[in-house]
Structure formats: C-alpha cells, structure tokens
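Some features that TrEMBL has for this protein:
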ACT_SITE  Ser71  active site, nucleophile
ACT_SITE  Asp218  active site, proton acceptor
DOMAIN    38-231  domain 'PNPLA'
MOTIF     42-47  motif 'GXGXXG'
MOTIF     69-73  motif 'GXSXG'
SIGNAL    1-23  signal peptide
Amino acid sequence: MKKIIYYLAVVLLLQSVLFSAVAKTPLNAYKHRLKVGLVLGGGGAKGAAHTGVLQAIEKSGIPIDFISGTSIGSIVGGLYACGYHAADIEKLFRSQQWKSLLYDREMDYKSKPLKKVSGITYFFGYPVGKKNKDEVGDRGFGASRGDKVVELIDSITNLHDSINFDALPIPFRCVAVDMKTMSEVVIGSGKLSTAMRASMAIPGAFKPVKMGDSTLVDGGVLNNLPVDVCRAMGADVIIAIDLTQNKHERVKREIKARKTLTGRVYQWLRARPDIVKYNENRANCDIYINPDLKGFEATSFVPGKIDMMIQRGVEAGEAALSELKKLKKKVMKGK
C-alpha cells in the first residue's frame, strides 16, 4: 500500500512539473507569428548557389511558410516545397549529368539554326515570322525538348498528377511568361514538373510549354525575382536570394502597345518591364541575399564550377546568418 501511494505521489509530482513547463510555453505561443516567404531567383547553373544559402536559412531555424521561384529558382524552390532539404538538392546539383539532362535536342541547330515550318520562321528555336497569330504558340521550337527534366522531377517528387500547390508541405508558386501575349503567368496548380519546366523554358534553348490557351516560356523574361508573387501568397516578411550580378538602372518608358509578336518583343526591349519589376521586387525584401557569382554563367553546368557556386552560396548565407537570426526573433514575436 505504501508503494502504491509512493508511485502515485511521483506521478502527481511529474504531472505538476510538466504542466508548469507547458504553462510557461503555451502550445499556441507562436500561433500569431509572422509568415515568412522565400523567393528564389533565376540564373541557370548559378542556381547551385541557392543550396548554399538554404543551408544558412535552415541553420537559423527560421520557418518558411511560402515559396516562389523563377526558372532554376522554380526547380530548387519546388523541390524545397516538396520537403527536400538543402543538402538533398545540393547532392542533386553535384551528381547530375547536366549535359545529358539539358541537351535533350529537338533538332540540330548547329547545322541548321534557321528553320521554316508552316509559314513560321524560327531562329535558334525562337519564332521570328508567322503565318497567323495563333500558330506561334502551337509550333514553338527550342534546342531542347525538356522531356528529361520533367522525367527527373517526376521521379524525385513522385508527383505525377495535377495538384494544388498549396497542398505541398510548403505552398509554392512559380512564374512563367505567355509568349503570345508577353504577359506574366503565376502557376499555382497543375502537374508540378510541367509548371517547373515551363518556368525554365528559356526561349530558343527549351521548347515552350503549352498549358491551356497559353504558350509558356521562362519567367525571367518578365519577373526573375518574384517577391511580389510571394507577398500575394500571404508572406509578411521576405527572404530573397538573387543570382543577378549586374544591378539594373531604373527604367521608366511609356511605349505604345504592339499587336504582333515581333512588335511585342520590340516593345519589351524598349520598355524592359523585367528591369522595372526587378527593381521594385528587390526593394520589397526584408532580407536580400546576393551571392558573389561574378565569372560564372547561366551555362556553367560543370562539376568544378558547380562546387564553387555552392560554396559562394554558403559564404553568402553565412554572412547573412546573424540577420536571419534577428529576423527569426521578429517573426516569432508576431504581429
């Protein structure tokens, strides 16, 4: 009987200690914390640096609630949104046979860069002439079909059906551009690999992606650092990783709207809406991280260079670590 009373006393004591600890840190203590958005910019092979910066973000312990990305940023961001960690994506960059993956040729442009199909003239896969305004999107060419990219993403994520990207472990958006209208398209549902493939469809390098009535190419044409997209998702604070090395001057030009594709391309070259959007988004970050990637190109998919770019990302992330930790305190404190 004494033993039973003794054990009951111990249990009651433990319960009181546990209750006291819980009382000091309520379960809903962080219920009203700020929502954090992660923005990953485009830059081809330079996206390897994203993984280095992500290591510092993970080290800081700051939670990520939303992700938006463009081009290679959509690939890294999409995988991160699926639950992969920085180390996992880094291994992918180091181990992937990039030449085989990316040069999934549609045709040999080295021997025949100029090709005419059904009244449409293509120069390195980019339509420069057309029979009518609708055929450009339906018959778009690119040096690479991009099928292997889709297959790789499908095999990694095991997501083969259409989904709402809000259902991912971290809600995700990627950015593409409709080449028929030269307008930005934010993708938040559908087949994930197709959306990511559309976001990285560099005109001429990759075949455009047909999605509904839109013919999509690389989102970097209009929005290479989609901070505004992440804000629209509900982010209170933004961490942006920008791979751009040449900082753009502000551009403000009123250009008359054009109806033809060639006219719209000319309009884009004059007005440079991508630069205007870039400057606006860059100014709208809470933490802006810009790894030093001078000397590297979007095409630097070479093992030694990949290693160096990852290291540059690590260095940029470490330099921002104290700032990230301060932001975490602000986030946890809440509104």
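Note: Cβ is positioned from N, Cα and C throughout, glycine not excepted.
Below 8 angstroms of C-beta separation, residues 39-47, 50, 172-175, 199-200, 202, 218-220, 223-226, 241, 243 of the same chain, each at least six residues beyond the ends of the motif 'GXSXG' (69-73), sit close to that stretch. The separation of Ser71 (active site, nucleophile) from the residue listed as 'active site, proton acceptor', Cα to Cα, is 6 Å.
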